[in-house]
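Heads up, the thing below is written out as structure tokens.
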């Protein structure tokens with residue numbers, strides 16, 4: 001398959017039906033909006049609370065229901081529910097499909113209520129498990145337990161909201177589910193700004209914001225899902241074979257997400273042993289890494305997956321390999337500049353975004369060093385986002401889980417080995433190293449399954465590497481002529497940083513063009529074609 005046709009395959013193929021293109025644009029824009037609001041939220045949290053006892057307790061407490069949300073809610077449930085619900089709608093009719101939806105809703109709500117009650121009752125033991133370092137600081141331990149109990153019902157609201165999101169997406173409605181995650185950020189921002197002076201402890205305002213955000217994400221979808229037909233067709237049928245199918249399909253998805261959550265759990269556990277502010281610093285640093293992962297990695301993986309699934313279904317394994325290879329190269333094309341920018345400009349970026357109020361210069365420098373080692377693994381993080389769906393397209397959900405378990409063991413061993421000599425940056429480096437191990441093993445197994453990954457060689461990657469090196473040289477030169485930690489006004493710092501980032505990225509594009517980057521050519525052709533259609 002031609003390289004440029006591959007670009008069209010997973011960047012443009014959904015454009016044939018115009019409404020799907022518009023839906024993809026809505027989802028991408030909503031994701032970016034949510035990320036921006038998330039940064040505003042973190043900026044306000046950093047300014048108001050800094051990185052200390054209160055934020056450590058909050059982030060540890062929020063991690064527990066958030067972990068369960070990802071395991072039981074959004075990812076695994078949507079992946080299992082959507083295809084079965086769509087099939088029921090197509091083959092068995094509306095009445096049967098909506099009865100299935102009501103059955104799953106009832107079972108899910110019951111399960112989430114039980115989990116919420118258990119989480120509230122078991123909060124003291126759960127907090128000690130995820131953050132054992134808190135036991136030596138009774139004030140932090142008690143605060144974390146209190147916040148955990150306050151926020152655990154969040155999983156009920158967000159879990160049901162995730163089911164509604166799956167229903168609406170399967171019905172071709174994307175706008176409301178895509179925009180709903182922003183409600184959580186808006187609620188937390190509002191509570192942090194206006195409720196903090198009226199509650200004790202002040203950090204409780206954030207926990208209340210989490211609950212309000214969860215309720216809001218659910219409520220905003222109810223009218224839409226009702227109008228789509230759920231309000232007119234009700235029922236409950238536990239004997240429906242589709243219920244069992246959804247449960248069986250969820251199992252590998254939950255296992256795969258559990259591997260990711262174990263990595264998060266290990267980082268939180270070990271950071272809790274490293275003094276005040278450790279958990280908060282890791283959180284702020286990884287939030288910066290999540291922006292390119294979410295906006296670029298997830299977007300390209302989402303666009304590539306339908307092409308891979310269709311090619312795998314038609315037994316065109318060579319085309320699957322070509323699509324995987326080009327998707328990885330494309331995602332590296334857009335994330336390598338982000339990696340260089342985060343590594344070189346880490347101090348001014350952290351200072352500009354977070355350093356104000358309780359977030360002082362010491363915390364800025366500590367967070368920036370963690371960003372450096374997280375950013376080191378950015379290419380591996382986003383490439384893994386492409387490779388895991390490639391296995392799913394081959395109807396193999398077990399292999400990514402097994403390889404993920406190996407990566408978790410590498411992460412644990414590396415963290416224990418590096419945390420003593422390197423501190424928090426050792427934990428970040430361990431995360432990056434485990435991601436590279438995950439990437440390497442996925443590539444080896446996938447290459448054996450497909451026979452080849454055409455276009456994923458040293459020669460094809462050389463233009464990207466050369467362009468990244470050119471950008472790094474310019475970026476380092478620009479940083480060399482300025483004080484990385486300056487006390488200049490915010491607008492002046494923002495202007496200088498913007499100039500440095502734009503100049504560095506321009507060099508990357510120029511170098512990529514000179515080296516004949518196929519990814520740049522493909523993106524330009526896609527953009528020109530899109531402009532003509534518009």
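Using the three backbone atoms N, Cα and C, a Cβ is placed for every residue, glycine included.
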Matching range for TrEMBL feature annotation, transmembrane segment, among 1-19, 20-38: 20-38
Among ranges 205-226, 227-248, whichever one TrEMBL labels transmembrane segment: 205-226
Best-contacting stretch, by C-beta pairs under 8 Å, relative to the transmembrane segment (205-226) and drawn from 143-167, 179-199, 326-345, 365-387, 493-515: 179-199
Beyond the flanks of the transmembrane segment (143-167) by 6 or more, those residues with Cβ under 8 Å of it: 53-54, 56-58, 60-62, 64-66, 68-69, 72-74, 77-78, 81-82, 85, 101, 104-105, 108-109, 112-113, 115-116, 119-120, 123-124, 126-127, 131, 134, 177, 180, 201, 203-204, 207-208, 210-211, 213-215, 217-218, 221-222, 225, 228, 230
Positions on the same chain near the transmembrane segment (365-387), where near means CB under 8 A and six or more residues out: 51, 277, 281-282, 284-286, 288-289, 292-293, 296-298, 300-301, 304, 324, 327-328, 331-332, 335-336, 338-339, 342-343, 346-347, 349-351, 354, 400, 424-425, 427-429, 431-433, 435-436, 438-439, 442-443, 446, 485
